[in-house]
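Feature annotations, reproduced from Swiss-Prot:
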type	residues	note
MOD_RES	Ser2	N-acetylserine
MOD_RES	Ser2	phosphoserine
MOD_RES	Ser8	phosphoserine
MOD_RES	Ser24	phosphoserine
DOMAIN	39-74	domain 'EF-hand 1'
BINDING	Asp52, Asp54, Ser56, Phe58, Glu60, Glu63	Ca(2+) 1 binding site
DOMAIN	78-110	domain 'EF-hand 2'
BINDING	Asp91, Asp93, Asp95, Lys97, Glu102	Ca(2+) 2 binding site
Amino acid sequence: MSMTDVLSAEDIKKAIGAFAAADSFDHKKFFQMVGLKKKNPDEVKKVFHILDKDKSGFIEEDELGSILKGFSSDARDLSAKETKTLLAAGDKDGDGKIGVEEFSTLVAES
């Protein structure tokens, strides 16, 4: 499964372009722009599993740093600051990683 099975390639391209500048990433705006906010819970979970590159059931800090590449291979990596901000927003139980339910909540709060 690829990201374009769930989200529009055009929406992904626009969202990646909007956050091309270093330290410009805003997960709330990004999730809205790619159309993830409008998706049903099962589709949000599909996106989570695509982003969970090592299939551990969690998106760890290193995977968060390359989250944009999960949407488009030519996207940039997040800065350390952006990664930590995203982790802090999504890691509700403080275990240092984002599980599927935490990801679903993060998207819903966007």
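Each residue, glycine too, has its Cβ placed from N, Cα and C.
Keep in mind that what you see is a predicted model, and the values were worked out from it rather than measured.
Overlay of Swiss-Prot feature records on the structure.
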| residue | record | CB count, 10 Å |
| --- | --- | --- |
| Ser2 | N-acetylserine | 8 |
| Ser8 | phosphoserine | 13 |
| Ser56 | Ca(2+) 1 binding site | 11 |
| Phe58 | Ca(2+) 1 binding site | 18 |
| Glu60 | Ca(2+) 1 binding site | 16 |
| Glu63 | Ca(2+) 1 binding site | 19 |
| Asp91 | Ca(2+) 2 binding site | 19 |
| Asp95 | Ca(2+) 2 binding site | 11 |
| Lys97 | Ca(2+) 2 binding site | 20 |
| Glu102 | Ca(2+) 2 binding site | 19 |
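When the recorded positions Ser8, Asp54, Glu60 are ranked by how far their Cα is from the Cα of Asp93 (Ca(2+) 2 binding site), Glu60 comes first. Separation of the C-alpha atoms of Glu60 (Ca(2+) 1 binding site) and Lys97 (Ca(2+) 2 binding site): 5 Å, rounded to the nearest whole number. A distance of 9 Å separates the Cα atom of Glu63 (Ca(2+) 1 binding site) from that of Lys97 (Ca(2+) 2 binding site). When other Cβ atoms within 10 Å of the Cβ of Asp93 (Ca(2+) 2 binding site) are tallied across all protein chains shown, the result is 10.
Under DSSP, the residues of the domain 'EF-hand 1' (39-74) split into helix, strand and coil as follows: 21 helix, 3 strand, 12 coil.
Proximity to Asp95 (Ca(2+) 2 binding site), judged by a C-alpha distance within 10 Å, picks out none of the recorded positions Ser24, Asp52, Asp54. Take the binding-site residues Asp52, Asp54: by the count of other Cβ atoms within 10 Å of each Cβ, the lowest one is Asp54.
Taking Ser2, Ser8, Ser24, Lys97, Glu102 as the recorded positions under consideration, the smallest Cα distance to Asp54 (Ca(2+) 1 binding site) is found for Lys97.
Comparing Cα positions, Lys97 (Ca(2+) 2 binding site) lies closest to Phe58 out of the recorded positions Ser2, Ser24, Asp52, Ser56, Phe58. For Ser24 (phosphoserine), applying a Cβ distance below 8 Å and a minimum sequence separation of six or more within one chain yields Ala18. In the three-state DSSP classification, Lys97 (Ca(2+) 2 binding site) falls within a strand.
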